[in-house]
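Student: One structure coming up, written as structure tokens, with questions to follow.
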Amino acid sequence: MPDELKPHFANVQAHYDLSDDFFRLFLDPTQTYSCAYFERDDMTLQEAQIAKIDLALGKLGLQPGMTLLDVGCGWGATMMRAVEKYDVNVVGLTLSKNQANHVQQLVANSENLRSKRVLLAGWEQFDEPVDRIVSIGAFEHFGHERYDAFFSLAHRLLPADGVMLLHTITGLHPKEIHERGLPMSFTFARFLKFIVTEIFPGGRLPSIPMVQECASANGFTVTRVQSLQPHYAKTLDLWSAALQANKGQAIALQSEEVYERYMKYLTGCAEMFRIGYIDVNQFTCQK
């Protein structure tokens, strides 16, 4: 990879290394920090998060003994589920020190004999052949200018029959917002600025066509795009309710300012999904 492509460590750590204990106040026990999949209405958040992981992994055609690369592995739930359910070897990449330490503990406590590695590194620093790639909730941090480099690397790492499952929030182009009759308000614009400056520094959302075009330009065929839009609104509602229920602990761990900022982020994003300004999609990319 070109020397100038350095991973965005500072931007990612500014959010994800806030405090594991703080995130545990509103995430489910698997600590999965992405859209859940409520296959049934009566599912708990934990059940729905595992269902989402299974939905993603089920699109990869995993076979025992394969090696799966998890780009942006979070606190390790997808990696460990893949090992347990599909009997594969896993490599996880994260830019968060806290997440890397947590996954190291999961790996150390696992009795499964498959190879399990977590690297405090970005995809820009990875160059080992793998059989399948999954990336859930990381693409939003890459930046538009790196999409081609990412898809090019993924294509190079995968075998001839390789598959990548990319799960990412997607945004509408202003033209699409206008065409759908959605209001373009200063409130919406201000909220977006708040998200990319105070919650996810450097974050940029792709559009669906942007992902499809970059994938195709780098040798992939996008065989399926699945939207989970209503599922993210529900996930965010459950997160904000849990954080609100733990307000005292949240303030003790951080501050009232951080608590209010996160409540604004969680409730505001839920509304953005409900209105339709943003979506979340799983892209199945076949080599």
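Residue positions begin at 1 at the first shown residue.
Backbone N, Cα and C define each Cβ position, glycine as well.
Features from Swiss-Prot:
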BINDING   33-34, 68-76, 94-99, 123-124  S-adenosyl-L-methionine binding site
ACT_SITE  Cys269  active site
Student: Check Cys269 (active site) against DSSP and tell me helix, strand or coil, would you?
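Tutor: Cys269 (active site) sits in a helix per DSSP.
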Student: Using Cβ-Cβ distances, find the residues under 8 Å from Trp75 (S-adenosyl-L-methionine binding site) that belong to the same chain and are at least 6 apart in sequence, listing them in sequence order.
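Tutor: The answer is Asp20, Thr30, Gln31, Thr32, Tyr33, Gln99, His102, Val103.
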Student: For Leu69 (S-adenosyl-L-methionine binding site), what residues in its own chain, 6 or more apart in sequence, show a Cβ-Cβ distance under 8 Å?
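Tutor: Leu69 (S-adenosyl-L-methionine binding site) has long-range Cβ partners Val90, Val91, Leu93, Phe126, Val130, Arg132, Ile133, Val134, Leu157.
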Student: To the nearest whole angstrom, what is the C-alpha distance linking Gly72 (S-adenosyl-L-methionine binding site) and the residue listed as 'active site'?
Tutor: 21
Student: Could you tell me the C-alpha distance between Cys269 (active site) and Leu95 (S-adenosyl-L-methionine binding site) in angstrom, no decimals?
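Tutor: Cα to Cα, Cys269 (active site) and Leu95 (S-adenosyl-L-methionine binding site) are separated by 23 Å.
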Student: If H, G and I count as helix, E and B as strand, and all else as coil, what does DSSP give for Asn98 (S-adenosyl-L-methionine binding site)?
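Tutor: It is helical.
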Student: For a quick check of packing: other C-beta atoms within 10 Å of the C-beta of Asn98 (S-adenosyl-L-methionine binding site), how many?
Tutor: 17
Student: Give the residue from the binding-site residues Tyr33, Gly72, Glu124 that has the most other Cβ atoms within 10 Å of its Cβ, counting over every protein chain displayed.
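Tutor: Comparing the binding-site residues Tyr33, Gly72, Glu124, the most crowded Cβ belongs to Gly72.
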